[in-house]
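I have placed the structure first, in the form of structure tokens, so that the comments after it can refer back to it.
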Amino acid sequence: MTAASRANPYSIVSSEEDGLHLVTMSGANGFGNGKVHTRRRCRNRFVKKNGQCNIEFANMDEKSQRYLADMFTTCVDIRWRYMLLIFSLAFLASWLLFGIIFWVIAVAHGDLEPAEGRGRTPCVMQVHGFMAAFLFSIETQTTIGYGLRCVTEECPVAVFMVVAQSIVGCIIDSFMIGAIMAKMARPKKRAQTLLFSHNAVVALRDGKLCLMWRVGNLRKSHIVEAHVRAQLIKPRVTEEGEYIPLDQIDIDVGFDKGLDRIFLVSPITILHEIDEASPLFGISRQDLETDDFEIVVILEGMVEATAMTTQARSSYLANEILWGHRFEPVLFEEKNQYKIDYSHFHKTYEVPSTPRCSAKDLVENKFLLPSANSFCYENELAFLSRDEEDEADGDQDGRSRDGLSPQARHDFDRLQAGGGVLEQRPYRRESEI
């Protein structure tokens, strides 16, 4: 039996689009049989895949005044081109304002008259027109100091304006530098290197149906105190007939047990056990295909370099949740280290033995679950890994015609018959909660 033929019972999903079609139909005892059908059209997202909220504000009273009242946050939030335009205009306006003031002082003092008709010291040396006053304003605020133009003791008001312009220039510089640094160091940019799987999956874990999705960190720098949470968002009508378009329900990811706090060094599968307290308790595979809800997942933590809190968000619509699938392993042990293969991060494989019924029916009707010793994809991968190691060691004695040793063939037959679980091999399962 070849490796390719052994992998045939499992359908590998390589993309989100393919995953929407690999859905099993009902079979005996509530289990699927691998048939294919299509899903309904997607609803509008509340949170996009990139974490942006799909909302638009309208009819806000005094919006401009409120945004201007919090000018610093406004400058940090707006786009770079608008922020640079605002500061450029601020500098230009201050130069023009003080240039006009120095020009008015020169006119009032008679400094613009011909030199032979003045007979007194000017307020600002070498200022004979508005352009010269404007250049003096720029030199004062930027401390260029060419040396041709300077204020004298003749006019105290000119001295006062030089001091005032220096203070205004420092304020603008400080505000601009602070806004630029805050914008560059914003922790939300760290969220660009935090990854969520394209799909969530529902599968059995320790005899219970669980909702699972995968998170990963693309940088070697850690997310300190990382923790996850999730909410189910769906429309609801109350007992009084009130319609709530986006009702938010918490989804437990192990808060009471501390399982929501994760060590995000390698990709981790987040797990929500579908029990009596879960909003998904009564949802079966058929309900999932027609239901209208969205699961918003959030990963929070502190950036190691700056200790600032960052948040990464994503969401899964009902048609992005693959029932009866599991994630492919991405973490492998290789020589003296662990290797993470991100090409498998979004991939899933189908588990035909997953019950099609809801977790509620599974508990109440006591459907028979597959044996804990049944052959699974991870065991098959470990089996192939051991086979490859045997070949690398040059142990070719006793090989059968299809490339397997008698002991390997015995293990394989025993696993297919449900006789036991393959012992742990160098290729191991991914880190999971």
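For all residues, glycine too, the Cβ spot is worked out from N, Cα and C.
As annotated by Swiss-Prot, K(+) 2 binding site applies to THR143, ILE144. Residues or ranges marked as K(+) 3 binding site by Swiss-Prot on the basis of similarity to another entry: ILE144, GLY145. According to Swiss-Prot, the feature S-nitrosocysteine maps to CYS75, an assignment based on similarity to another entry. Sequence annotations record features per position, and here Swiss-Prot assigns topological domain 'Cytoplasmic' to 1-77, 184-433. The topological domain 'Extracellular' annotation in Swiss-Prot covers 105-129, 147-155. The transmembrane segment feature in Swiss-Prot is assigned to 78-104, 156-183.
A separation of roughly 26 Å, to the nearest angstrom, links the Cα atoms of THR143 (K(+) 2 binding site) and CYS75 (S-nitrosocysteine). Across the fold, the C-alpha of CYS75 (S-nitrosocysteine) and the C-alpha of ILE144 (K(+) 2 binding site) stand 27 Å from each other. Taking a C-beta cut-off of under 8 angstroms and a sequence separation of 6 or more, GLY145 (K(+) 3 binding site) has the following same-chain neighbours: GLU139. The average pLDDT for the topological domain 'Cytoplasmic' (1-77) in the predicted structure is 62. Counting other CB atoms no more than 10 Å from each candidate's CB, the recorded positions CYS75, ILE144 peak at CYS75. Sequence-distant contacts of the topological domain 'Extracellular' (147-155) (same chain, at least 6 residues past either end, Cβ-Cβ under 8 Å): 105, 109, 120-127, 132, 135-136, 139, 162. With a threshold of 8 Å between CB atoms, the same-chain residues lying at least 6 positions outside the topological domain 'Extracellular' (105-129) that come near it are 136, 148-152, 154-155, 157-158, 161. Broken down by DSSP into helix, strand and coil, the topological domain 'Extracellular' (105-129) contains 9 helix, 1 strand, 15 coil.
For THR143 (K(+) 2 binding site), the count of additional Cβ atoms within 10 Å of its Cβ stands at 8 [all protein chains shown].
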